[in-house]
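Student: Summarising the annotation, Swiss-Prot assigns tRNA binding site to R45, D46, C105, V127 and lists similarity to another entry as the type of evidence. Annotation source Swiss-Prot lists disulfide bond at C50-C105, C63-C116, C81-C131, citing similarity to another entry. Per Swiss-Prot, the feature pyrrolidone carboxylic acid maps to Q25; the stated evidence is similarity to another entry. Taken from Swiss-Prot, the feature motif 'Nucleolar localization signal' applies to 55-59, supported by similarity to another entry.
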Amino acid sequence: MVMGLGVLLLVFVLGLGLTPPTLAQDNSRYTHFLTQHYDAKPQGRDHRYCESIMRRRGLTSPCKDINTFIHGNKRSIKAICENKNGNPHRENLRISKSSFQVTTCKLHGGSPWPPCQYRATAGFRNVVVACENGLPVHLDQSIFRRP
C-alpha cells in the first residue's frame, strides 16, 4: 500500500514537472504578443503616441520598421482564436469576424537607431493572428474594413 502511494506520488510529481514549462511558454508567447500589439486605451493616436508607446514597449533599439497596436479588450482579441470572433484564414491563421480599432506605427526617416520617428495610421480593421492553445501569439496583418 505504501509503495503504491509512493509510485503514485512520483508519477504526480513528474507530471507537475513536465506541465508548467509548456504552460509558461504559451503564456510567455501570449504576453509577448500583448506587449507588442495590445494597448487597451490609447492616449491619442498620432505620431507622438507612436513614438511614446514604441519607446515604452522596448521596440526602439533598433527602431522597429512597423508595428500595429490593437485597442479594445483582451477577451475579444482572444476570441479570434475561437469560433466566437474568428474564422480560419490561410494556413494556421485566424481572421477576426469583427473589426478592431488599431493604430499602425511606421518608422519615418532613415536611421534605424533612436531617436525613432514614427507616423501613425489609425482606423478600424479586421486582424489576422496566429494562435497556440487558444491564445493569440503573432499578429500577421490587419485588413481595412470595407465600407
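Any Cβ shown, glycine's included, is placed from N, Cα and C.
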Student: According to DSSP, how is the motif 'Nucleolar localization signal' (55-59) divided among helix, strand and coil residues?
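Tutor: Per DSSP, the residues of the motif 'Nucleolar localization signal' (55-59) fall into 2 helix, 0 strand, 3 coil.
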Student: Provide, as an integer number of angstrom, the distance between the C-alpha atoms of C63 (disulfide bond) and C105 (tRNA binding site).
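Tutor: Between the alpha carbons of C63 (disulfide bond) and C105 (tRNA binding site) there are 11 Å.
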Student: C-alpha of C50 (disulfide bond) to C-alpha of C116 (disulfide bond): distance in Å?
Tutor: 10
Student: Report the member of C50, C105, C116 (the recorded positions) whose C-beta atom has the most other C-beta atoms within 10 angstroms.
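Tutor: It comes out as C50.
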Student: Rounded to a whole number, how many Å is the Cα of C116 (disulfide bond) away from the Cα of C105 (tRNA binding site)?
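Tutor: Between the alpha carbons of C116 (disulfide bond) and C105 (tRNA binding site) there are 11 Å.
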